[in-house]
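Annotated features in TrEMBL:
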- Phe63, Ala64, Ile65, Tyr68, Asp153, Val154, Asp155: UDP-N-acetyl-alpha-D-galactosamine binding site (BINDING)
- Asp153, Asp155: Mn(2+) binding site (BINDING)
- Glu245: active site, nucleophile (ACT_SITE)
Amino acid sequence: MSLKLTSTKTNIYEILKSNYIILYFQVTLQTTGYNIGVRKTVDQKKLDAIYKPKNLTIATTVFAIGKYIRFLHDFLETAEKHFMVDFKVHYHIFTDKSHEVPSVNLAAGRKIFVHQVPKLNRWQDISASRMQMIQTIIEEQLHREADYIYCQDVDAKFHFRWGAESLDRLVGQIHPWYYDLSRDQFTYERRPESTAYIPPGEGDFYYIGAMFGGTVDEVYKLVKRCHENLEADKANGIEAVWQEESHLNWYLLYNKPSKILSPEYLWDDKRGKTNVQKVVRLSHVLKNYAEVRENA
């Protein structure tokens, strides 16, 4: 199934509320917009036959800073059950509490790397610093060790298979709270003074900053540019409305992702069940933001 995207709200929402399990949107760029190929089913054996002989290593980054360390055990334990099963996965954990990283039984070929980082005073600073930290770990380590990298939030649990169907050059994740909204309701950065500025009338989707990925080279380009733009804003005394998420949306508007994952790849338990989601593969868990965030 495919369509030419001209109305973000109508087309995406109508697809998602169909009677199919929508796995992802395969994107082909056209002069008049996106050509979206919607995969309704995945032949797991066929995908395994394609990807497993490549002996791929998939890195995933999570930030367990401050009180967020409490979510790490469930993230890792559920990832071992559902995330890229039978692939080599390297978990890169950024934390200021290395001594509290839990012990989890890992399958063969899967490893945990712990990176000690400083604790920052504001949750906004923690959020914004992720781009720089991911850039650094790619430069120092991942460019030699991994083929793909997926950057995820630690305060989430896997519930269902997440496999090779999500692999692609550059992958964006549709925000679970915005997939059914029109473009003029997206919370893009609207101040021209910011490098994350997206003018009214522009924009394709609203992507969540909690998940993005792709090949190591493509993700490196993304985080490097977003880090540069964050630093430019800081020098000019401005902070984008949603920190790195605003810069991510700017980047993916002008550097189109080759694959867009539907909200079943990152749902929000706070939103509850809807008639749109037939499967939830990963979801943000319920929590008290005022309690877990620094200076919320």
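Using the three backbone atoms N, Cα and C, a Cβ is placed for every residue, glycine included.
Not measured: the values here are computed from a predicted model.
Counting other Cβ atoms within 10 Å of each Cβ, the lowest count among the recorded positions Asp153, Asp155, Glu245 belongs to Asp153. In this entry, Phe63, Ala64, Ile65, Tyr68, Asp153, Val154, Asp155 make up the residues listed for UDP-N-acetyl-alpha-D-galactosamine, with the farthest two CA atoms of the set 11 Å from each other. Take the CB of Ile65 (UDP-N-acetyl-alpha-D-galactosamine binding site) and look out to 10 A: across all protein chains shown you find 22 other CB atoms. Ranking the binding-site residues Phe63, Tyr68 by the number of CB atoms within 10 A of their own CB puts Phe63 at the top. Glu245 (active site, nucleophile) and Val154 (UDP-N-acetyl-alpha-D-galactosamine binding site) are 16 Å apart (CA-CA, integer value). Sequence-distant neighbours of Ala64 (UDP-N-acetyl-alpha-D-galactosamine binding site) (same chain, six or more apart, CB under 8 Å from its CB) are Phe71, Leu72, Ile93, Phe94, Thr95, Lys97, Val101, Val154, listed in sequence order.
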